[in-house]
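Swiss-Prot annotations:
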type     : residues : note
SIGNAL   : 1-29     : signal peptide
CARBOHYD : 70       : N-linked glycosylation site
REGION   : 152-179  : region 'Disordered'
COMPBIAS : 165-178  : compositional bias 'Polar residues'
DISULFID : 203-210  : disulfide bond
DISULFID : 211-274  : disulfide bond
DISULFID : 240-305  : disulfide bond
DISULFID : 244-307  : disulfide bond
């Protein structure tokens with residue numbers, strides 16, 4: 001009987017079956033969602049554990065190679081694929097019944113070109129600018145953009161309760177400054193104009209002083225990840241640093257207004273800040289409650305910078 005044959009499989013054979021079933025197809029772009037789901041329970045036998053880790057390591061290297069290949073193709077086809085623009089909104093937030101979060105987003109602050117749900121590449125919500133966690137609200141926001149009446153003055157999102165009591169207290173606090181980061185796919189023609197403008201950037205303050213991409217070599221210990229990340233042991237962290245002088249890599253009209261007001265009222269209006277405009281994905285082999293897993297983070301390493 002087929003069922004009886006399946007029962008005779010040992011741990012190593014079952015692991016091989018899982019690897020065959022979950023291995024991504026060769027060629028084409030790799031699915032980050034599929035990579036995030038890859039997780040395997042750890043066998044008790046030490047030899048099986050070593051073998052399983054070697055297989056996972058091979059998968060990690062294959063996934064990393066394909067991600068780099070995808071990135072190289074994007075870099076060589078900038079007229080076809082442009083980095084998402086990032087817009088920071090400040091929605092109104094309140095706690096509803098059952099502890100659910102209710103977000104109100106005024107249509108007046110939505111970027112030009114919305115409501116086009118397809119332009120939303122990703123939407124990340126934070127209870128405050130310094131919050132360590134963000135919540136992915138891409139799907140509910142896209143749904144609201146598709147279904148809400150065009151004449152409605154605002155969009156309303158209902159989210160699950162905050163995971164911790166401290167987050168619930170932050171919502172009620174007057175110091176809460178929630179942020180919604182919209183990563184937008186630019187229109188093709190506009191994207192080409194922005195790419196040409198970026199190529200002509202010249203820092204008026206001198207070389208290396210304006211908003212730019214900077215790389216820092218860090219170990220897992222430096223990052224505080226040594227207790228939950230297995231590989232890679234060292235990371236080339238790309239981040240955005242530098243000043244934002246007038247008309248230099250301004251992300252939007254708000255950045256222009258902010259700079260003008262900063263010149264008039266430097267004590268009350270801060271200058272625009274240098275922040276990531278897009279990101280490169282990064283793959284980690286990390287520990288889980290059931291063993292180890294592959295996890296792809298697509299908002300960890302800065303790829304490009306602008307002033308907001």
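Each Cβ is built from the backbone N, Cα and C atoms, and glycine gets one as well.
All features noted in Swiss-Prot, drawn onto the structure.
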residue	record	Cβ within 10 Å
203	disulfide bond	16
210	disulfide bond	21
211	disulfide bond	24
240	disulfide bond	20
244	disulfide bond	25
274	disulfide bond	24
305	disulfide bond	25
307	disulfide bond	27
Residue 244 (disulfide bond) falls, by three-state DSSP, under coil
Mapped onto three states, the DSSP assignment of residue 203 (disulfide bond) reads coil
DSSP, reduced to three states, assigns residue 210 (disulfide bond) to strand
Rounded Cα distance in angstrom between residue 240 (disulfide bond) and residue 274 (disulfide bond) is 6
By Cα geometry, the one of the disulfide-bonded residues (244, 274, 305, 307) nearest residue 210 (disulfide bond) is 244
Residue 244 (disulfide bond) sits from residue 203 (disulfide bond) (Cα to Cα, rounded, in Å) at a distance of 9
